[in-house]
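Student: So that we are looking at the same thing, I have put the structure below in structure tokens.
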Amino acid sequence: MKCVLGVETSCDETAVALYDGERGLLAHRVYSQIAIHAEYGGVVPELASRDHIRKILPLIKAALDDAALSKENIDGIAYTKGPGLIGALMVGASVAKSLAYAWRVPVVGVHHMEAHLMALQLEESRPAYPFIALLVSGGHTMLVHVEQPGRYKILGESVDDAAGEAFDKTAKLLGLPYPGGPALARLAEQGEPKRFIFPRPMVNQPHLNFSFSGLKTHAVNCFKQYGGEEQTRADIACAFENAVVDTLIIKCLRALEKTGINTLVLVGGVAANKKLRERLGQVAVKRAAQIYYPRQEFCTDNGAMVAYTGWLRLNAGEKEDKIIRVKPRWSMAELNIIN
């Protein structure tokens, strides 16, 4: 299997990419639906699905043009099978399987979280296996022991709101535009870090699970007590971000200590957070640990990570039939080891 087309439509980004086993990433295109969902303050699933339908085929054509390839050069197709929004997933699955049937090439469904874990394999500097991954993407926050591709052990995960969800909900409370996470991080830069001190949830417990819903409640209480003046909003944002970042770092260090592994990987949309990257980098230097994270464009949802993961699984002999199936909920424990 040489050249694989990757299709990503799990939420509000329509993304495609072409990955070649010999030449690497040949092209990738991403169309964001931020402008569509901004007026609603969050993703509207029906609108997301409809916009994927409009954008997916033109994006595939654009990626093929970027790489100076045609359909005859495609050896396989990968698409995001789950987890995600069911309607959005169905668009990507339908297009991928239809093209695979028309072009007579194999097709495979990819786990969205596994694709995030594999994003670093697109970089020149890659971690050696095994490593610990902090995966913070949308509705997921988890610490994963990655022994090899396809062999994963979940060490801890969010028991209520994930970090990304807590960022978005707190941003909405503060009257910030969608997408809330980046807007909150920008506002936090103007905040006074010592005015409010939020709790660091579950850090005194021995397990590696996360809970961020209490931080959102804490922000609500501060907002009600001190009002919505601009500086107060910035101070609340700063306190919230510091609490989330500290909690993630404490749990990461505990995971490294428990496993004896000294390599940490940071992936997913929240991995683009500037403060989290800076603080983890500082901690890694003190601990003499190795830390890796992908470039910003590969932190958020993209087709490149899907194309690469699909390339791995297709070359391991995996392929699917013509029936269109998606998995809006899909545990990583169900994945096969890639040999």
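Glycine too: its Cβ is placed from the backbone N, Cα and C atoms.
What Swiss-Prot records for this protein is below:
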BINDING   His112, His116, Asp301  Fe cation binding site
BINDING   Leu135, Val136, Ser137, Gly138, Gly139, Asp168, Gly181, Asn273  substrate binding site
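Mind running through what each feature is packed against?
Tutor: In the three-state DSSP reading, Asp301 (Fe cation binding site) counts as coil. With a 10 A radius on its CB, Asp301 (Fe cation binding site) counts 26 other CB atoms from all the protein chains.
Counting every protein chain shown, 25 other Cβ atoms lie within 10 Å of the Cβ of Leu135 (substrate binding site). Taken residue by residue with DSSP, Leu135 (substrate binding site) is part of a strand.
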Student: Given Asp168 (substrate binding site) and His112 (Fe cation binding site), what distance in Å do their CA atoms have, once rounded to a whole number?
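Tutor: Their Cα atoms are separated by 20 Å.
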Student: Taking the centroid of the Cβ atoms of His112, His116, Asp301 as the Fe cation site, which other residues of that chain lie with their Cβ within 8 Å of it, listed in sequence order?
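Tutor: Filtered neighbour residues, in order: Glu8, Ser10, Thr80, Met113, Ala115, Ser137, Gly138, Gly268, Asn302, Met305, Val306.
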Student: Taking just the CA atoms, what is the gap between His112 (Fe cation binding site) and Leu135 (substrate binding site) in Å?
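Tutor: His112 (Fe cation binding site) to Leu135 (substrate binding site), Cα-Cα distance: 11 Å.
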Student: Near Gly139 (substrate binding site), how many other Cβ atoms are within 10 Å of its Cβ?
Tutor: 14
